[in-house]
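Taken from Swiss-Prot as is:
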TRANSMEM  64-84  transmembrane segment
TRANSMEM  120-140  transmembrane segment
TRANSMEM  144-164  transmembrane segment
TRANSMEM  190-210  transmembrane segment
TRANSMEM  248-268  transmembrane segment
TRANSMEM  290-310  transmembrane segment
TRANSMEM  318-338  transmembrane segment
TRANSMEM  344-364  transmembrane segment
Amino acid sequence: MRLVLLNYGIWHDRRSALKFTDIDYFVFSDASKYVSIGMSPYMRDTYRYTPMLAILLLPTQYGFPSWGKYLFSISDLIAGWLMIKLLSRRISYKRSLIYSSFWILNPFVAIISTRGNCEAILGILSIALLYLIEKKSVWLASLILGFSVHFKIYPFMYGIAFLVYFSKPKKGSTFMEKFLSLLSINQLKIVVGSLFMFTICNLLMYYLYGSPFLEHTYLYHFGRTDHRHNFSLHHLNLYYESSFGAKASSLFAFLPQLSLCMLIPLVFGKKNLPGTLFAQTFAFVTFNKVCTSQYFMWYLVFLPLVLPNSKLLSKKGLICLSLWIIGQLLWLISAYNLEMLGKSVFIPLWLSGLLFFFFNVYELKIILDSL
């Protein structure tokens, strides 16, 4: 399926002004071009990623322009293979293949990767984390966690889940004794290893590219005002910020998001680690100031690991899927009228984003109930 989509994308792009290739892929490739001639990837406007992504895509500058699309598609498949390995430890191999197909054969996932979006790299890193944790390779898992946070900020929250997962039963009579009894050597490995890798990656990139690296890779994302292709309920606020220079409080937008991402692992992290990461990521994306289609990949990668013996396979799960699709369709209709037809539909677009948000909050409740 991915090979067909990759070839279709090449054919389509040659014949249509509306490209199959994601505009972000052109940004990645342009940044890689600057790296190939010894310049900073941040010479390319709107490149807001670690330089490592541009370095990974260097083959695009040497006769293989579709290299990144193949890399992301292969990453998808490797993530699927790791899912099968993880699921096979709990259920039969045949059932593992069935559940992993929700990722491997998912057209949404395949299209996102073959269009040239880099989220598949985060997918393989996320599944590799779980795989290594289950294999008791905690040091290696901690290094991958540190690299993941360097690559994109959001995996930092998985560290909270891992700390809870590796905590020991409470002992002692005083608060301090109970607190100290929770600590374990694996928690220390997670903290030390991830901080070490995160620091090394950042120091290296800062040495090579200086303050623009920090500004565009990290600082930009705390105050970003992207309003195009944004499913978030903050869409209209961000539009006014970007158009009129108004400034809403970013802190208030982050508070519910960060609170949920900390509370969910505290409640569920010990008993269901894959489910905790799924719920954490779903909550993070739902409450994020910017929410685009590729962000759904962040939590969909955990779905096959959560489905076995889950309430999501019941009627409630079907309702969740229906609401998830309907919410996106309603938003996309308004977005098409705005961006392609030039109609003034800001209020309907905001209302459809608000409805999608409420749908996702209901879905989050069902997910938490199933853990």
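Each position is counted from 1, following the chain as shown.
Glycine is no exception: its Cβ is also placed from the backbone N, Cα and C atoms.
The list of residues near the transmembrane segment (120-140) in space but at least 6 beyond its ends in sequence, with Cβ under 8 angstroms from a Cβ of it, reads 53, 56, 71-73, 75-76, 78-79, 82-83, 85-86, 89, 109, 112-113, 147-148, 151-152, 155, 158, 162, 165-166, 186, 189-190, 193, 273-274, 277, 297-298, 301-302, 305. Non-local neighbours of the transmembrane segment (318-338) in the same chain are 229, 231, 293, 312, 344-346, 348-349, 352-353, 355-356, 359-360, 362-363, 366-367; each lies 6+ residues outside the stretch with a CB under 8 Å from one of its CB atoms. Below 8 angstroms of C-beta separation, residues 22, 79, 83, 86-87, 90-91, 95, 99-103, 106, 108-109, 112, 117, 119-120, 122-123, 126-127, 130, 154, 224, 226, 229-232, 234, 238, 274-275, 277-278, 281-282, 284, 317, 328, 367, 370 of the same chain, each at least six residues beyond the ends of the transmembrane segment (290-310), sit close to that stretch. Remote same-chain residues near the transmembrane segment (64-84) are listed as 2, 6, 9-10, 21, 25, 28-29, 56-57, 93, 96-97, 99-100, 103-104, 109-110, 113-121, 123-124, 126-128, 131, 301, 304-305 (criterion: CB distance under 8 Å, separation of at least six residues from the stretch ends).
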